[in-house]
């Protein structure tokens, strides 16, 4: 079975890596929509129109489901995508529920792009789960874009993370929600400054579980046959699905995309696509 995974750049590879690690038998087509990046600076209407076009691309790829591995695209445009296709659509929402449950000091920070930080959906989730917790919603206009340009922008990324982390330390934050899929790519930089006492939450496991639930609901016979075949194969290499990397910008960023994929041996191709 083939699944489409998309983001504005490299961030969604945190989700792709989690899916491939947990369910390596799935074929994955990844779209980095670099030509339209950064999503965080676009209007709601622009993002809705773009996501509908992305949906058409994945329909032509004959995928069984689409994972919108981008918080900004999820909060701004996932409803428009769902209205345009019959494929199962899985989004990424800020993992605020587990954050409030884990926070011992009841002091939580949510770090997002401006579009996500200002979205009604994020505020709804916070109001639903925060109870008596202090919540600091923080945003960066440049961090996701700079992560896409890594390693040339490494020092700029480190400076931004240093500034954000110092603000969190000043507020005595003990739980951080990374509400942009780019940010877990540099999670170790947050950990170096915030230390072991700050729990850092990201959504990849939850999104992976939701994908499998939706595939099982939508394609019960296909999933049953696939899992039966996987369980009976003695050679685990036969269960290895493929990863195909696509970019709307061209081959300029392919080396960067490749560098963030954990199972590089599963990459079977790279393509420039027009959206």
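Every residue gets a Cβ built from N, Cα and C, even glycine.
Residue density at residue 7 (substrate binding site): 31 other Cβ atoms are found within 10 A of its Cβ, drawing on all protein chains shown. Look at Swiss-Prot and you will find 7, 8, 39, 40, 71, 72, 181, 182 tagged as substrate binding site, backed by sequence analysis.
DSSP classifies residue 70 (active site, proton donor/acceptor) as coil under the three-state reduction. The active site, proton donor/acceptor annotation in Swiss-Prot covers 70 (among others).
According to Swiss-Prot, the feature active site, proton donor/acceptor maps to 180 (among others). Non-local neighbourhood of residue 180 (active site, proton donor/acceptor): 11, 40, 70, 71, 72, 111, 112, 113, 116, 143, 144, each in the same chain, at least six residues away, with C-beta under 8 Å from its C-beta.
Put simply, the two farthest-apart Cα atoms among 7, 8, 39, 40, 71, 72, 181, 182, the recorded binders of substrate, are 12 Å from each other. Classification of residue 180 (active site, proton donor/acceptor) by DSSP places it in coil, neither helical nor stranded.
Non-local neighbourhood of residue 182 (substrate binding site): 7, 9, 10, 11, 14, 143, 144, 147, 148, each in the same chain, at least six residues away, with C-beta under 8 Å from its C-beta.
Taking the centre of the Cβ atoms of 7, 8, 39, 40, 71, 72, 181, 182 as the substrate site, the nearby residues of that chain (Cβ within 8 Å, site residues left out) are 9, 11, 12, 38, 70, 73, 113, 116, 144, 180.
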